[in-house]
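S.K.: Just dropping this structure here.
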Amino acid sequence: MDLVGVASPEPGTAAAWGPSKCPWAIPQNTISCSLADVMSEQLAKELQLEEEAAVFPEVAVAEGPFITGENIDTSSDLMLAQMLQMEYDREYDAQLRREEKKFNGDSKVSISFENYRKVHPYEDSDSSEDEVDWQDTRDDPYRPAKPVPTPKKGFIGKGKDITTKHDEVVCGRKNTARMENFAPEFQVGDGIGMDLKLSNHVFNALKQHAYSEERRSARLHEKKEHSTAEKAVDPKTRLLMYKMVNSGMLETITGCISTGKESVVFHAYGGSMEDEKEDSKVIPTECAIKVFKTTLNEFKNRDKYIKDDFRFKDRFSKLNPRKIIRMWAEKEMHNLARMQRAGIPCPTVVLLKKHILVMSFIGHDQVPAPKLKEVKLNSEEMKEAYYQTLHLMRQLYHECTLVHADLSEYNMLWHAGKVWLIDVSQSVEPTHPHGLEFLFRDCRNVSQFFQKGGVKEALSERELFNAVSGLNITADNEADFLAEIEALEKMNEDHVQKNGRKAASFLKDDGDPPLLYDE
């Protein structure tokens, strides 16, 4: 053995494993490997490992028991296999049900394949879409207690402890339990933990009321969708209000400011009305949107205000209920226009769209002007308000030829030191068959309010009626006064039927007080 290096055998010498054969008959030269080179390579490798150990210290690894095949937990694998098998079985059962349904068809006699199903005994509740809560409800306080049955003989107990089926306590508890059978919309309350007892009379009344409300809600379901009974905003009304905002006429609608029996008033900020005409209306900065309710529940008893009005008499009987409500809005628009021309403080009409009337807002910064009923006035301001009201009533009667017909402290606003009149949808002309009666009622409301307010100069209702109308009815009591008013109305109605409305005008050309009939 050569210590210097290991050399390959010469070409002529045969190797121990046999001569190497080359397919091209060319001998291969074996590269000689020196022992010194091998040792140098090993030394360099050791030095490299030492340097790496110095730069990257070895992290101590906690020694622990090696995981062997005996310690591996295979329960998850078993569960996975069971779940896969359950899915396969469910698919098989579903296919079996389809085959069963196809095999039976529409036959009245069917054959069941249930015995061939692959159902697991531990199949959980997830197999069905409807989850079932298997909690114990034996002690559930919200579960209605099972009533104690009464035997056929009709009583329980003996002697003094006998209890019949007509016992007040037993019947009261049974009636309380029966309230759970009412419709879900009927709120019966929560009686958990309380021993409630209802008498038969009370239970029967509640039962009848619940049934009647259920029938009523079912009957008015569709009508409610098309009415404005609640907040006066149905889908059609919302669409109209949306179009007003979308067109730019209104900038925004802030909210409701007043609610009444016949209408609801909303506050809105005015926009700009783009119109090619030069005389287009200027929209105020703040507007009031009056929406008339489209149900006739509140208008059935108020048709006398519009049925006998000559301006709408011919149109009233030809319209459906919804168009009658539009007529109310149109009537208020015309009345406000008359008052505006006469210079009476009132809202200015901006736009009328079906049963929606847009007017100027009386107030400031979304705060409406207070009513005379709500405002606190001193004696001088109250006296000034009375004289303004008296002047407005005379001006409304003579210059506008109108009677408010619902004038009271609730329909008069106090703003900027003046009295403003609102809500004139029911106002009629004095030629109305009941025009003078409405005027007398207005005088009564105004007189009583200011007399209670401490205005000593306030006239009585009969004196105020004569002062406003210009008539001189001398009657000692109210009954005779009303009788003369009805007689004048009857004579005026006959005169109108014979000679027409123009011949029975209340205003003379010479400015004298109005007359109900020609003398």
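Placed from the backbone N, Cα and C atoms, the Cβ positions cover glycine too.
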S.K.: For the ATP site that Swiss-Prot assigns to Ile257, Ser258, Thr259, Gly260, Lys261, Glu262, Ser263, Val264, Val265, which of the candidates Lys207, Lys236, Lys281, Lys290 is also assigned?
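M.R.: Among the candidates, Swiss-Prot records only Lys290 at this ATP site.
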S.K.: Looking at Swiss-Prot, which of Ser127, Ser280 is flagged as phosphoserine?
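M.R.: Of Ser127, Ser280, Swiss-Prot lists Ser127 as: phosphoserine.
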S.K.: Look through Ser32, Ser75, Ser112, Ser447 and state which residue has the annotation phosphoserine in Swiss-Prot.
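M.R.: Out of Ser32, Ser75, Ser112, Ser447, Swiss-Prot attaches the phosphoserine annotation to Ser112.
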S.K.: With Swiss-Prot open, pick whichever of Tyr122, Tyr211 is annotated phosphotyrosine.
M.R.: Tyr122
S.K.: Which residues in the same chain, at least 6 apart in sequence, have a Cβ under 8 Å from the Cβ of Ser112 (phosphoserine)?
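M.R.: Looking at Cβ-Cβ distances below 8 Å from Ser112 (phosphoserine), excluding near sequence neighbours, one finds Glu100.
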